[in-house]
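Engineer: Sharing the features that TrEMBL gives for it:
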| type | residues | note |
| --- | --- | --- |
| ACT_SITE | His374 | active site, proton acceptor |
| DOMAIN | 79-628 | domain 'Choline/carnitine acyltransferase' |
Amino acid sequence: MQIAKKHYRFPKPTPLSLYKRSLMTYSKDENQSQLLQKFPFETNNNEFYWAKQSNAVHQSNRLNFRGNTYQNQAQLPSLPIPDLKVTLNKYLKTIEPFINSSEELEQQKLLIQNFLQGMGPILQNRLIQFSNDKRNWLSTFWDEQAYLQYNDPVVPYVSYFFSHKPLPMTHAEIEKDPLVKATAIIMTVVKFIEALKDEILPPELIRKVPFCMNSFQLMFNNSRKPGQSKDSNVFYSIYENNFMIISFKGNFFRVSTHDTDGKPLSANNIWQQLYSIVTLNVTQQDHIGCLTSLPRDEWRKSYAQLINDPISKKSLETIYKSSFILCLDLDETPITLESQARNSWHGNGFNRFYDKPLQFIVCGNGHSGFLAEHSKMDGTPNLFLNNYIMQQLSKLSPREFLNQIVMTPNEIYRPELLPFAINTSLQRDIKLAKTKFKQVMGQHDLKVWQYKRYGKNFMKKHKISPDAYIQQIIQLAIYKYLGRQLPTYEAASTRMFFKGRTETGRVVTTASSQFVRTWEDPNVALSEKINLFKQATADHSAYLKEAASGNGVDRHFFGLKNMLQDGENVPLFDDLIFNYSSTWLVSTSQLSSEFLNGYGWSQVNDIGVGLAYMINNDWLHINIVCKPEFSLFDVNELHYILTEAADELGEALETVHLETAKL
């Protein structure tokens, strides 16, 4: 969508000639990294940030500083190391659905017994020793091995997205005008940043249990970046870098969010900067953002060339230091749930900087979304942020907000185009990156399952855990589709522990196996099928609770494997069933919100499927992604069978409920 000046009924902005003269300059407070100092975060999270002064100095000068947000961090429990016997017994139960004979089961018991009498206790003792001086023994190698050493492109294989629901009809003047909506999003994000600066955001409590707030400390003013053999994360002061990045047509602009005294700018100041960007005839179209879509080893080589030039290096540092990015996709007007999901997930490949952890997207028709880089943050903190944004936007008075935009600003703030020196080699890399991006994204199918017959309220009426319920819908659909179950992963949050992230919830259980195998058996009474269904949901909830308490099996095995020394061999770890049971052919995760109409990511295994789901009051949502060339699934067929499974379960529950009520 092209922005025409007549589209807006606002005062004429500052002459573009003034903006053009400022495009190739940097603000006076833009610092080189070598002038900054390295400070540890105050919560002792083993991360550090670059700044002129420590956070404590800035906090002492803030009149509204409260210090609430991270007040529970010191008291949070450390991540436990599960008992080895308990883990092995639990593991044996999780593999029983994949074992075909009593002989195979005895063989697995023997492998476990040999491990328990041999290398198991040795590795367990090493892990305990390793953890002695650490509050989270897992984080030491999890972030690196699960994310920073991972070579596949972060999009589509690592990052996740949210697609925002449209604002209410009463807010059409904001929703349908992309620059107005972008301004509203920016203003709201800045308000959230101010709450973090003053630490007035209360620490999160789930059923009165405090949750780790570490991710909120690592949310803004940072980036993933390539290294020589693996990636790293770089963090900057949230107090000293009061600017953001706007990406438009593959160019990146530095946009001020605060004045020189550190006070947030007005809506008009923000809008004026956006308007100047989209109405400026910029011939530069470097599209360097697409380099961040490459496999990490290839991006690493291009990055090394970029930072050899001081101009490009400074521009990259500006992106890294910025609070966040907002991508103006004004040429895109996604209408369907699938097109909106795809634009939020990956877009065109060059109007993004995929290493940046927070990217908001606004399209020409006003649709908005969000893309998160995963290496330091899981979904729940970013869901909190996006819920906050959409909730605040829905509370705006459209007329009052538009009146703020048309006010004459006291001072003009000029966006700055970030220049890059692009040599012939980098031009080739950019061209190749665009080609590879189209190929990779073209290999993926995406289908949105949005089910509106019932939702969380119906499930609770029948006294069934909503999460366990939808997981059994998925298991039943897969069994209907393939005639067997597949290893299924569900992310369980371990944020009750210091720096806790996730543990694996193993979804396939003996109870779920009995439920799906019996469901279409005409010789089994409907009431018995419902009893098996309820037992499957109960077992699922019990396992997820244990996983969230740090007592799953997969992170424990991961830790034990990391204790192996050269030349040591563990037959259990080489076993086919052991490895198959953790090959996540079905990867699932729940993040639910009434403010979203999309959430997702890619499959974990190319022959499998990725199912990101939401459970809302009266509707369900699953984002289905797979690679059709390799996958066992077809997204359209699975979409159909999910509906069939959900319909059958809902109708059966109601039937049994009515029959029971008559007794």
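Here the Cβ of each residue, glycine as well, is placed from N, Cα and C on the backbone.
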Engineer: Taking the Cβ of His374 (active site, proton acceptor) as the centre, how many other Cβ atoms fall within a 10 Å radius?
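Structural biologist: Summing over all protein chains shown, His374 (active site, proton acceptor) has 19 other Cβ atoms within 10 Å.
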Engineer: Taking only the residues in the domain 'Choline/carnitine acyltransferase' (79-628), give me the average pLDDT of this model.
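Structural biologist: Per the prediction, mean pLDDT sits at 97 for the domain 'Choline/carnitine acyltransferase' (79-628).
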Engineer: Tell me the coarse DSSP state (helix, strand, coil) of the residue listed as 'active site, proton acceptor'.
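Structural biologist: The residue listed as 'active site, proton acceptor' sits in coil per DSSP, no helix or strand.
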